[in-house]
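The following features are taken from TrEMBL:
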| type | residues | note |
| --- | --- | --- |
| DOMAIN | A:5-128 | domain 'Na+/H+ antiporter MnhB subunit-related protein' |
| TRANSMEM | A:12-30 | transmembrane segment |
| TRANSMEM | A:36-55 | transmembrane segment |
| TRANSMEM | A:67-88 | transmembrane segment |
| TRANSMEM | A:108-133 | transmembrane segment |
Amino acid sequence: MKTLILKTASNYLLPLLLVFSVFILLRGHYLPGGGFVGGLIAAIAFVLHAFANGLDNTKGLLRFHPGFLMPVGLGLAFVSGLAPVIGLDDPFMTGLWFPEPFPVIGNVGSALFFDIGVYLVVIGVTLTIIFTISESA
Amino acid sequence: MTQQLILYPLLLQMLLAIILMFFWRKINAQRIISMFGSLAHLAVSITVFAFIWNNGTQTVQAGSWEAPFGITFIADTFSATMVLLTSIAGLAVSIFSSGSVIGDRLRFGYFPIFHFLLLGLTGAFLTGDIFNLYVWFEIIIISSFVLITIGGEKAQLEGAVKYFTLNFLASMIFLTAIAVLYGLTGSLNMADLANKVAAVENRALVEITAILFLIGFGIKSAIFPLYFWLPASYHTPPSAVSAIFGGLLTKVGVYALVRVFTLIFVDDVFLDQILLVLAIFTLFSGALGALVQNNIKKVFSYLIICHIGYMIIGLGMFTEVAIAGTIFYLVHDIIVKTNLFMISGLIYRIKGSNSMRALGGFYANYPKLSLLMFIPLFSLVGIPPLSGFWPKISLITASFESGSYWSLAAIIFASFITLVVIAKLWAEVFWKDATEIPVRPKFRYFHAIKNIKRVQIIVPIVFLSLVSLYIGFGAEHIQTLSARIASELMDNQQYIDAVLNTQTPE
């Protein structure tokens, strides 16, 4: 789609939406949000960019195939679940937390890394599906 | 580290699937990882089984949330046995896949999905939470849907649509049943449910919920009026996929039925009667269906249905001897059915056809292979001392004791028809003179493929045949095991105690 307004806007919206997706990801422990929704928002940011600038430009922006995010995210979620088993011999997926909250981010624990894993998997899956469909269309 | 020993088969399978995803396009690396990973999984499963055998039921409360609030993983002897059988069948099919599945299919992520399927199966056997069971069923159905469609041939897609529609319906009914059960009791932990369901006064509603579970699991395990998806779809994918489906997918439905009807919905004469009637019809319809088929894979598909009847009939009689028969049959059936589908794949590789009419002359041309195939084929029939014979003794004894002569008749009828079907198959494929089958130009015949591939196709068949022989000749061991599982299942209090009395380790 070649409209100047959308093209210009999408250049600003991409970083904005990505930051917003991270915000949604971080607030998700007690409030609505989390890795799944955050991942969808991040994926939408890229899809919007692809609408305005063409698929090839977005792919150039990403530099790697989005499908690669799937095993990375799964691996991260897996390791965060496994950490208590290896570290403390606690049951699988027991939450491990830093005693003090970090500034800005808040409490950091293994659940956060699990959610980041979900976030990456969702981006990977959504972008792979959408890119594949729009390539073959 | 032994605290969470029972989770290791699950975690290892998950790790394998993730590692395999990193090697998406490198199919040779995937082959090696899958084979050695499956071997490691077998080792872990044996360790877990030995641990459970010596130390009794073990539980893990995932995330340290105490039962009944968190998700419980529990391994009693039944679960550990099923996990062990999964890893045996998984190892065989993993090796068989690297030999027989063509590269075009492997490039679309065959191995990662295959291990996700095994992950789902292992999880379903180990979980102690009914909603978690649903989640594992979803993982199984999604993975199996990918496996059944991978390659995208027309027949495959047609089979897949039937398969997916009915299995999806089953999942929805299963989920509805869980919702009703949760509404009744406010709990999802199976041990907790066992206590609470027994105390519910509205027995009619409990029975309806139980019937919903029966329908949901019944579609998945292909019992009488709900089996039509199975023969319509199991012959379409590559034999390696059919092997893991035929060996394990219907059996996870049976496992769920046995678990739910020995733990949560117990002592209900009405339900037992329904199970008995359904089992008898399953035996009859599966056997009759197998009689008229010409495609070897379709014959085996109908025999799956027929033999599911044996397991359900034992559950319906609900005595300790009958349940032991069910468990023994389950053990025997997983190994034999996996093997049979691999054999149909081998026959297909050799001749390029699976039609009984077209095939022939195997015994004259391949005497050693024929002897190898003799073992699983006649184990299935239950010629003593092969493995199918022993569980039937328990089932027949149990039906005599409980005086249900209809079940007795059905068991004997189904055995007889199985014998006829296999004898017909043997006469057609092995003894009949070879006929000329037109050579397919692009087909990769068995004699034309590399030696290593041939080894990869033959070795798993030999491996599973040896396991079958062990089940037959070492029947005493399996009988001891089945009797122990049956006594554990009949006494659901020990399961409940194991889940609810454990303290999370500090």
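Even glycines carry a Cβ here, placed using N, Cα and C.
Only sequence-distant pairs (6 or more apart) were considered; of these, fewer than three Cβ pairs between the transmembrane segment (A:67-88) and the transmembrane segment (A:36-55) are under 8 A, so the stretches are not in contact. For the transmembrane segment (A:12-30), the residues of the chain that approach it from at least six positions outside its boundaries are 37-39, 41-42, 44-46, 48-49, 105-107, 111-112, 115-116, 119, judged by C-beta separation under 8 angstroms. Taken residue by residue, the domain 'Na+/H+ antiporter MnhB subunit-related protein' (A:5-128) breaks down under DSSP into 92 helix, 4 strand, 28 coil. With a threshold of 8 Å between CB atoms, the same-chain residues lying at least 6 positions outside the transmembrane segment (A:108-133) that come near it are 21, 25-26, 28-29, 34-36, 38-40, 42-43, 46-47, 50, 55, 59, 62, 65-70, 72-81, 83-84, 93-98, 101-102. Each residue in the domain 'Na+/H+ antiporter MnhB subunit-related protein' (A:5-128) has a pLDDT score, and their mean in this model is 89.
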